[in-house]
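Asker: Structure provided below as structure tokens; questions to follow.
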Amino acid sequence: MEGKLFLGQYLICVILLLGQLHGYKSCIEKERKALLELKAFLIPLNAGEWNDNVLSWTNDTKSDCCQWMGVECNRKSGRITNIAFGIGFIIENPLLNLSLLHPFEDVRSLDLSSSRSCEDCGFSGLFDDVEGYKSLSRLRNLEILDLSSHRFNNSIFPFLNAATSLTTLFLTYNNMHSPFLVKEFKDLTNLEHLDLRGNRFNGSIPTQDYNSLRRFRKLEILDLSDNLFNSRIFPFLNSATSLKSLSLWGNNMGGPFPAKELRDLTNVELLDLSRNRFNGSIPVRALFALRKLKALDLSDNEFSSSVELQGKFAKTKPLSGTCPWKNMEELKLSNNKLAGQFPLCLTSLTGLRVLDLSSNQLTGNVPSALANLESLEYLSLFGNNFEGFFSLGLLANLSKLKVLRLDSQSNSLEVEFETSWKPKFQLVVIALRSCNLEKVPHFLLHQKDLHHVDLSDNQIHGNFPSWLLENNTKLEVLLLQNNSFTSFQLPKSAHNLLFLNVSVNKFNHLFLQNFGWILPHLVCVNLAYNGFQGNLPSSLDNMKSIEFLDLSHNRFHGKLPRRFLKGCYNLTILKLSHNKLSGEVFPEAANFTRLWVMSMDNNLFTGNIGKGFRSLPSLNVLDISNNKLTGVIPSWIGERQGLFALQLSNNMLEGEIPTSLFNISYLQLLDLSSNRLSGDIPPHVSSIYHGAVLLLQNNNLSGVIPDTLLLNVIVLDLRNNRLSGNLPEFINTQNISILLLRGNNFTGQIPHQFCSLSNIQLLDLSNNKFNGSIPSCLSNTSFGLRKGDDSYRYDVPSRFGTAKDPVYFESLLMIDEFNMVNETNSQTKIEFATKHRYDAYMGGNLKLLFGMDLSENELSGEIPVELGGLVELEALNLSHNNLSGVILESFSGLKNVESLDLSFNRLQGPIPLQLTDMISLAVFNVSYNNLSGIVPQGRQFNTFETQSYFGNPLLCGKSIDISCASNNFHPTDNGVEADESTVDMESFYWSFVAAYVTILLGILASLSFDSPWSRAWFYIVDAFVLKVRNMLWQNTAGTKCSYVLVSLSSPSVVVLLKPPALFHKTRT
């Protein structure tokens, strides 16, 4: 009986199959030829990036076009119904000939979108020389038209308006602009789905068009996202009462939430207003009018209050912990400024599937009432300031939960879990960052479907959890950085893991040699800041998909494996810095044809710069500084026109700087400092990148500065070389931001062009031979007046990012994709002297430092009073010059100065009391001048040591423990010139020299006689010398280098002694 039944079923199936085959027809010849004509039209316009669709269309009469890729036909009529062209990179912005589409009379769906979205590619318009604007009316059954990612503008609307049968129209990411006029497609009344996202529509809609959307009674989905609309568009949208989905993310909307303007959209189920600038409170009650609302996205705005979410209302009764959104399924409020505790009313939304409150300022405890949300699939609370204890056991009954993301920015949240706990859910994503975990949660042993695990920034210790890989064959992302793991182990069999980050742990053992065999599919690996030892494993060459590899800050040693250099051809970023790797660097060609960034600094590499670097055509950043490289810099490096940053500092490179380096078009950072380079700076450097950083300090460079060198650089460091001559008179003052010339042999006066340094931040001209006066116009320089201007960056960033769309469950809203972004900064490091010491500044600290150092030169004259106007200056050093006059009262305006050094000059008069207003002053030095009067007291002056005033015998006061009551001190009022009784030291020196020579000759003449009168003569000379010495101690402040005549007890010995080392001018 069963056999007969089976036979009957089999016969029925055969009959049905034969019936279908009998009814099937192949494509119509006219349409086959039309497809080939379309192909012939499109191919010449393409830059070679087609998918397989059009390429599969062959001119073979035996080939059924209904079987071609991208083509679908009606099985009965044989007519084409759907065409997806798969257009690639269209060049020169041609027009699309619509007449080529006319043969497809029964087509229902046309996909003419481009697979490439760029600013200058794709079709720019439509045309039909015969039918004109009515061309698309020939396609009477056309329902779906996709013209996305081209350069179409508003001129195509008259053509589109003729396609009255359209129900779905995609015009995303084109070049359409304001105004947005509905009358342009007023006849498309059958539209159900209109997508205009990614254009340039802006402004508001004319008042007369406010009700124009009413004619589109079938319109259910409208997407105007990623345009430039403002909030005045809402009265216009309020008339589209048939809408079920409205997306306006990424526009220019601001102000309070437009609840009143949206009150008539009672059919809306999805509302996306994310990535705008709405502020104020989220109007829970006002949104109650949208009774059918299922998905609401208000993320990435500026909402700052969750008062209504807390169930607290003015003039109304409280919600008593109940939200009025009974149909809500998905709610995204992330990346706002919501403060206060977790909104408890949300825990009453039992139908909620997605809840995202991440990246706000919520505090307090994570509520246990989350257990009420039994439909929850996605819960994201990371990026807040939750505190206290939270037990994961409270979520045990959420059987549908797939994504759990939780952390605490304040690191005050402690997540607890029971050892024996076995939840009902099977997670796909778990992220528990900064949750004070000390071990991997035990319940993960029961999770078998994990794709993404993030337990970073905790205190987990012990072995690397290789069992996570063994239990979860679909695991793609494993992030365990910044923990305390001590033993790195891997499973025995290969795994499909894509992203691994175990940086900043406490691994301190030999690295696994089978790493590349067990994890062959890795795309991104970060093992930095550990203690891994041994040679780099040759198995790394098995990771054919690897793009980002960071092994820096470990203890790897030995040479680079040859198999590694030949095998990982997809590498984009390679970081091997701060290890003990040795041998030559790239002596032969490597297979890193896609490599952008290579960091090999702080190792033990030796020998010449290898020719293998010539095989890296895509290289943007090369850092092999702080090694032991020798030889010359090869000129062929200049062939790498894609270089952004080249860092070769702190090696033993010799010879001259190749001129070719300055011909690299986009070179932003060139660091050749601390080598043994010699010769002149290449004279023709005008082609260097605009805004470049050039670091050549600590070499043996000689000659003069080329006139063209300063045209484009923003940072120039030439300190401690052998450069000489005058500074170039022409300087592009709009660019230079940091100019450091210390420790050379420059002469002449400070050029007046320096007064126009509109972006200067650090200026160091110290330890040279500049003379003349300090230009008073230096007060016109910026020195921090543009500190809010972020137009200059001293670092060269290189970003590596990989995004992965979450396919863990279906969502009405855009769920945040997984981004693994690694940024490598080629940092500019600058040393600058402040507070009597050299400190290194880089990154954000460098951008906040403003200083001027003119010390150790031969500058003379008075200090310009205008320097007191440099109000943002933080360090000023004028020491070891021949400056005269008084200390400026205007210095009191330097409120930000932390270090002021005026020592070893010839300044006189009092220290102005107004200087006590310099509230930031930490280091003050006026030693070895000719100052007089009372040392000010109060504020910062109470903290300065007596050494700050040495060599000024006429100063007195409590700060230096010298009483001002003695008759020897006659304080001078501020603003009064120096005491007329002060010895004219210059005249005194000349008279002293003449007297000294006369006496010396007399002494030498009498040395041959030994008589009572000669001994009496020596006693008289002793007394005279003692008197002269006392006078010198009181009046020689400000002299740089003096000699004191001292007579010893022996009448026949007279010596010259230098003053103590404290008196001496030092040159560093």
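Glycine too: its Cβ is placed from the backbone N, Cα and C atoms.
Features from Swiss-Prot:
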- 1-23: signal peptide (SIGNAL)
- Asn97: N-linked glycosylation site (CARBOHYD)
- 139-162: repeat 'LRR 2' (REPEAT)
- Asn153: N-linked glycosylation site (CARBOHYD)
- 164-187: repeat 'LRR 3' (REPEAT)
- 188-212: repeat 'LRR 4' (REPEAT)
- 216-239: repeat 'LRR 5' (REPEAT)
- 265-290: repeat 'LRR 7' (REPEAT)
- 292-315: repeat 'LRR 8' (REPEAT)
- Asn397: N-linked glycosylation site (CARBOHYD)
- 472-497: repeat 'LRR 15' (REPEAT)
- Asn482: N-linked glycosylation site (CARBOHYD)
- 499-517: repeat 'LRR 16' (REPEAT)
- 544-567: repeat 'LRR 18' (REPEAT)
- Asn570: N-linked glycosylation site (CARBOHYD)
- Asn591: N-linked glycosylation site (CARBOHYD)
- Asn663: N-linked glycosylation site (CARBOHYD)
- Asn700: N-linked glycosylation site (CARBOHYD)
- 711-734: repeat 'LRR 25' (REPEAT)
- Asn745: N-linked glycosylation site (CARBOHYD)
- Asn771: N-linked glycosylation site (CARBOHYD)
- 846-870: repeat 'LRR 28' (REPEAT)
- Asn877: N-linked glycosylation site (CARBOHYD)
- 920-943: repeat 'LRR 31' (REPEAT)
- Asn930: N-linked glycosylation site (CARBOHYD)
- 987-1007: transmembrane segment (TRANSMEM)
Asker: By a Cβ-Cβ criterion of under 8 Å, what residues six or more beyond either terminus of the repeat 'LRR 3' (164-187) are in contact with it?
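Answerer: For the repeat 'LRR 3' (164-187), the far contacts come to 113, 117, 122, 124, 137, 139-154, 157-158, 193-203, 205-206, 209, 212-213, 215, 218, 223, 228-229.
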Asker: As a quick check of your reading of DSSP, tell me how many residues in the repeat 'LRR 28' (846-870) are helical, how many are strand and how many are coil.
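Answerer: Counting residues by DSSP class gives 7 helix, 8 strand, 10 coil.
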Asker: Per 10 Å Cβ neighbour count, which of the glycosylation sites Asn97, Asn482 ranks highest?
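Answerer: Checking each of Asn97, Asn482, the winner is Asn482.
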Asker: Tell me which of the glycosylation sites Asn153, Asn397, Asn591, Asn745, Asn771 ends up closest to Asn663 (N-linked glycosylation site) in space, Cα to Cα.
Answerer: Asn591
Asker: Taking DSSP three-state, what's Asn663 (N-linked glycosylation site) in: helix, strand or coil?
Answerer: helix
Asker: If one measures from the C-alpha of Asn745 (N-linked glycosylation site) to the C-alpha of Asn771 (N-linked glycosylation site), what distance in angstrom results, rounded to a whole number?
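Answerer: Asn771 (N-linked glycosylation site) has its Cα 12 Å from the Cα of Asn745 (N-linked glycosylation site).
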Asker: In whole Å, how far is Asn570 (N-linked glycosylation site) from Asn482 (N-linked glycosylation site) when you measure between their Cα atoms?
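Answerer: For Asn482 (N-linked glycosylation site) versus Asn570 (N-linked glycosylation site), the Cα atoms are 27 Å apart.
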Asker: Between Asn771 (N-linked glycosylation site) and Asn397 (N-linked glycosylation site), how far is it from one CA atom to the other, in Å?
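Answerer: Each residue's Cα considered, Asn771 (N-linked glycosylation site) and Asn397 (N-linked glycosylation site) end up 82 Å apart.
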Asker: Residue list, the repeat 'LRR 2' (139-162) vs rest of chain: Cβ under 8 Å, 6 or more residues beyond ends.
Answerer: 90, 93, 98, 101-102, 104-117, 120-126, 128, 133, 168-177, 181, 184-188, 195
Asker: Tally every other Cβ atom lying within 10 Å of the Cβ atom of Asn877 (N-linked glycosylation site).
Answerer: 23
Asker: Near Asn700 (N-linked glycosylation site), which residues of its own chain have a C-beta under 8 A away, given they sit six or more steps off in sequence?
Answerer: Arg676, Leu677, Ser678, Asn721, Arg722
Asker: Could you check which of the glycosylation sites (Asn397, Asn591, Asn877) sits closest to Asn153 (N-linked glycosylation site), going Cα to Cα?
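Answerer: Of the glycosylation sites Asn397, Asn591, Asn877, Asn591 has its Cα closest to that of Asn153 (N-linked glycosylation site).
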Asker: Can you work out which residues elsewhere in the same chain, 6+ from the ends of the repeat 'LRR 16' (499-517), have a Cβ less than 8 Å from its Cβ atoms?
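Answerer: Beyond its ends, the repeat 'LRR 16' (499-517) has Cβ neighbours at 456, 461, 464, 476-490, 523-534, 536-543, 550, 554, 556, 802, 820.
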Asker: Between the Cα atoms of Asn570 (N-linked glycosylation site) and Asn397 (N-linked glycosylation site), find the distance and write it as a whole number of Å.
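Answerer: The Cα atom of Asn570 (N-linked glycosylation site) is 45 Å away from the Cα atom of Asn397 (N-linked glycosylation site).
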Asker: For Asn397 (N-linked glycosylation site), what is the secondary structure state per DSSP, taken as helix, strand or coil?
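Answerer: Coil, per DSSP.
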